[in-house]
Amino acid sequence: MWRKLLCAAGRGSRAGVLERADRAAFCDWNVVLARPGFRTPGDGAGPGTDRDGRHSNCFFRKYSVSKSTVESDELEKFQALSQKWWDRNGEFAALHALNDLRVPFIRDTLLTFSEKQQLGRPLRGFRILDVGCGGGLLSEPLGRLGAMVTGIDPLEDNIRLADIHKSFDPVLKELVQYSACCLEEMAMESPGRFDAVIASEVVEHVGDVETFIRCAAQVLKPGGSLFITTINKTFLSYALAIVAAEKIFRIVPNGTHEWEKFISPNKLETHLISSGFTVETINGMLYNPLFDSWSWIINTSVNYALHAVKKKIEEKSDFMSEGSGRKDHGCDQSESNVGSTVQS
Ligand SMILES: C[S@@+](CC[C@H](N)C(=O)[O-])C[C@H]1O[C@@H](n2cnc3c(N)ncnc32)[C@H](O)[C@@H]1O
C-alpha cells in the first residue's frame, strides 16, 4: 500500500515540478532560460539538459541571483533517493535512527531556553524552520510535539513526498507546512519569524556555509536557537563517513558525501560568531550500524550536534555591521538578492 502510493507520487513528479513552476516563477525561470546554453524542457534536448546534453537541473527549481547555498550536483544525489525517505530500512535508515537523539535534544534545549511549557504538547507556541527537511523525517515528530514547523527543501520531489506522508496523520495538518524553496528565499520573505532553525545533516551539502548561516540568523528572532547536526572534517570522518559508511558497509549510497564539504566545529563556530550567534553546546554523536542506533559521545571528530543562540543585542555583533554593508551577499533584504542561483 505504502509502496504503491509512493510510486504513484514518483510517477507524477516530473510533470508536477513543471506545473508548480508558478511558485518557482519567483525564482525566475526567465533568468535561467536566458542563460546561454540552457535548454527548456521539451526543446528536443531532453528536459533540463544543457547544450552538451548533460543531465542538468530538470527536477530542480531555478534561482535568480549569483550567490547561493544550493548546488545542483547535491540535489541530483537526493533526487535519486526522493521516494525512499520513509523506508525505515532503506538509504535513510540512519536518519530515522538519529531522531532518537536529535528530537529530545531539540525539545529539551528549547524548553530549557524558554518559559513556554505545555504538558503533552511541549513545543506548542514554538515556530520552527526545518531547513533541508527532505521527506520530513524530523519535521513530523517536532510537529507532534506541538511546534508549528515549516519544512523547506530546494528539491520539489522531497517536498511532494513529505506532503503526502504528512497527510496520513491528521494531527500534523495545521502544524507542519512544507515549501520547496531555499533558505535565502525564507530569509527574504520571513526575517525574524522563527524561534528555532534546524539544519540536520544539511550543512555538508551546502555550497556556501557562511551565507547559509547568515540567512539562518536572518530568519531567527533575537534569542532564537539554531540546531545543526553535521560531520567534522577529520581523517577519521573520511575513514568512517565515506570509506566505511559509503564504500564498505553501504549504509548510505556511494557518493553521498564529499569530504571537502565537511566542516569542523571550530570553523562552524567562527561563521556563527560572525553572524551574531553564541555557541551554547557542541556534542559528539556516534552511529552504531549493528544496532542501528545513535548515542552521545564527548568526541566530536566524526558526527556532532551544535546549538547556537542568536544574540539579542544585534547591534554589537559582526553580523549587523558586516551585513549592512554587504550588498553582494545572498542574504540581505535587498531586491537583488531574492533567491539564488543553482551552481553546478
Ligand atoms: C541528508 S538529507 C537530510 C534531510 C533531513 N534534514 C533529515 O535529517 O532527515 C539533506 C537534505 O538537504 C537538502 N539540501 C541540499 N542542499 C541544500 C541547501 N543548499 N539548502 C537546503 N537544503 C539542501 C537535500 O535536498 C536533502 O533533502
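Residue numbers in this text run from 1 along the chain shown.
Placement of Cβ uses the backbone N, Cα and C atoms for every residue, glycine included.
Keep in mind the model is a prediction, meaning the values are calculated, not measured.
Less than 8 angstroms from the CB of Ser200 (S-adenosyl-L-methionine binding site) sit Leu95, Leu98, Arg102, Asp130, Gly132, Leu138, Phe227, Ile228, Thr229, each of them six or more residues away in the same chain. Per TrEMBL, S-adenosyl-L-methionine binding site is recorded for Arg102, Gly132, Asp153, Ser200.
Long-range Cβ contacts of Glu204 (Mg(2+) binding site) within its own chain (separation 6+, distance under 8 Å): Thr230, Ile231, His257, Glu258, Lys261, Phe262, Ile263. According to TrEMBL, the Mg(2+) binding site annotation covers Glu201, Glu204, His205.
According to TrEMBL, the compositional bias 'Basic and acidic residues' annotation covers 319-332.
If you look up TrEMBL, you'll see 333-344 marked as compositional bias 'Polar residues'.
TrEMBL lists 319-344 with the feature region 'Disordered'.
Looking only at the binding-site residues Asp153, Glu201, the densest Cβ neighbourhood within 10 Å occurs at Asp153.
In the vicinity of ligand 1, defined as a Cβ distance under 6 Å, the following of the binding-site residues Arg102, Gly132, Asp153, Glu204, His205 are placed: Gly132, Asp153, His205. For His205 (Mg(2+) binding site) paired with Asp153 (S-adenosyl-L-methionine binding site), the C-alpha to C-alpha distance reads 12 Å. Here Asp153 (S-adenosyl-L-methionine binding site) is positioned 12 angstrom away from Glu201 (Mg(2+) binding site), judged by their C-alpha atoms.
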